[in-house]
Amino acid sequence: MSVSRGGFSSRMGFILAAAGSAVGLGNIWGFPTQTASNGGAAFVLVYLVLAFCLAYPAFMAELLIGRYGQANAVTSMQKMSHKLWQKRFAFLVGFGGIICAALILSFYGIIAGWMMSYAIEPIMSLMGMTDAANWLVTQSLARNFIFTALFMLLTIFIIRRGVEQGIEKWSKRLMPMLIGLLILLIIYVFTLDGSREGFAAYLNPDISRVFEPDLLISALGQAFFSLSLGTSVMVIYGSYISKKENLVSLGAQVTLIDVSIAFLAGLLIIPAMYVAQAQGVAIFAEDGSLISGSNLVFTVLPSLFSGMGMVGLFVAFGFFVLMSIAALTSSISMLEAPVSFIVERKGLPREKATTYIGIGIFCLSTLIVFNISFMLDFIAILATQYGQPIIAMLCCVFVGWIWQRSEVLAEIKQGHDTVEHSFFWKVWPWYTKFICPSAIALVFWHSL
Ligand code: PFF
């Protein structure tokens, strides 16, 4: 790893940063919302299968590309290409991923802004500033604009400082705290009326729904979104890992952390939804559909916290602060994708590149803020349900069909001497070549 590019200083540093990118609003806002709108436990089941059988292998493909190329996605893949059409294909895939990352950041910053405003609300309530507290938790153009701007400024500030000082330092300590708080809240919800029904809805799948096209495509998008795939992010993070590390196990650990946190978040939110409904909060319409849509988490959680009295104010503060930090460790990874590309390809200084790109993405966010539900849904679906799985699929195609097999195997072996005896070694290369691209294509074909 060249010193001037920067890199993760330790194995733990990478796990925390990659898990920091993976764990975010996707786990705690996206996954429960998707689960609630797509038939509960059936969605959970499909999600788990797709996360381990398709997202993990694709995740490994991206990490390996990055570590081999030691550069941004486009440059890394072009290093593996020998013919002109391969180089063009590499550009298309790498640059497509970077565009996806930028599009995702444009709406992600808005929802992360909501998390920040919900974190400040309990402080205002404690100080008796009821009007300000209400303003913070009510949808308005001004609030969305101000908090998106604040969140984007924080993201830009960290990325300007680079990998070690910025990304790695910020990713520490958060994960254990988040997991601890989630578990405590799950136990609390378990003691409340109505939660049993919620646990059943979450854990007892209706198998007949498993092959529904909408459910499949949403679960696929969610699995790829949650692992930050198809965005060039994991390629660039892979490029910062030392050649001495065992990538196969690092990737598996990050996947496990990510899926577990999503699973825990669902275990909290879905039962809490039923508790809220039992307490008279309108969650479901008469036909059983959800009333709140993308606001689900922001309806259910505050209602849960308010049932805890004064303690609820502190819990709400802790929860939304942790969520804001989780969102930040994801958003910095999204900004890192275009920034590293511009810095490495165009030679622009990191500070300048970060500021220009950050402002550009914020302008797009502003358009979304003024047009919120239409634009937000459109960009979210375009980038996450289509863009990410397609780009990730093309990365698998790239590894399987363009990158020379001997080089792929040599890269897997780096930092892992005994890999030749493993299941991964025997299965992953052909699995990524044939099964992953066809399975992803099949889900698309089925959903069309
Ligand atoms: N994986 C993040 C989450 O679950 O919140 C979202 C994300 C991060 C998506 C980075 C895409 C990305 F490039």
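Placement of Cβ uses the backbone N, Cα and C atoms for every residue, glycine included.
Predicted, not measured: the structure shown is a model, and the values here were computed from it.
TrEMBL annotations:
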TRANSMEM  40-68  transmembrane segment
TRANSMEM  89-120  transmembrane segment
TRANSMEM  140-162  transmembrane segment
TRANSMEM  174-195  transmembrane segment
TRANSMEM  215-240  transmembrane segment
TRANSMEM  261-285  transmembrane segment
TRANSMEM  305-332  transmembrane segment
TRANSMEM  353-374  transmembrane segment
TRANSMEM  386-403  transmembrane segment
TRANSMEM  423-445  transmembrane segment
Exercise. Residues of the same chain, at least six outside the transmembrane segment (40-68), with any C-beta under 8 angstroms of its C-beta?
Worked result: 31, 34, 76-77, 79-80, 201-207, 209-210, 212, 215-216, 218-220, 222-224, 226-227, 229-230, 234-241, 243, 247-248, 250-252, 254-255, 258-259, 262-263, 266, 270, 392-393, 395-396, 398-399, 403, 407-408, 411-412, 414, 428, 431-432, 436, 439-440
Problem set entry | Intrachain residues whose Cβ lies under 8 Å of the transmembrane segment (423-445), provided they are six or more past its termini | 53-54, 57-58, 60-61, 216-217, 220, 248, 389-390, 392-393, 396-397, 399-401, 405, 408-409, 412
Exercise. By Cβ distance under 8 Å, which residues at least 6 away from the ends of the transmembrane segment (174-195) in the same chain are close to it?
Worked result: 16, 19-20, 23, 257, 260-261, 264-265, 267-268, 271-272, 274-279, 304, 307-308, 315, 318-319, 322-323, 325-326, 329
Exercise. Sequence-remote contacts (6 or more beyond its ends) of the transmembrane segment (215-240), Cβ cut-off under 8 Å?
Worked result: 1, 5-8, 14, 17-18, 21-22, 26-27, 30-31, 34, 38-39, 42-43, 46-47, 50-51, 54-56, 58-59, 62-67, 69-73, 76, 94, 97-98, 100-101, 104, 163, 209, 247, 254-255, 258-259, 262, 330, 333-334, 336-337, 340-341, 384-393, 395, 440, 443-444, 446-447
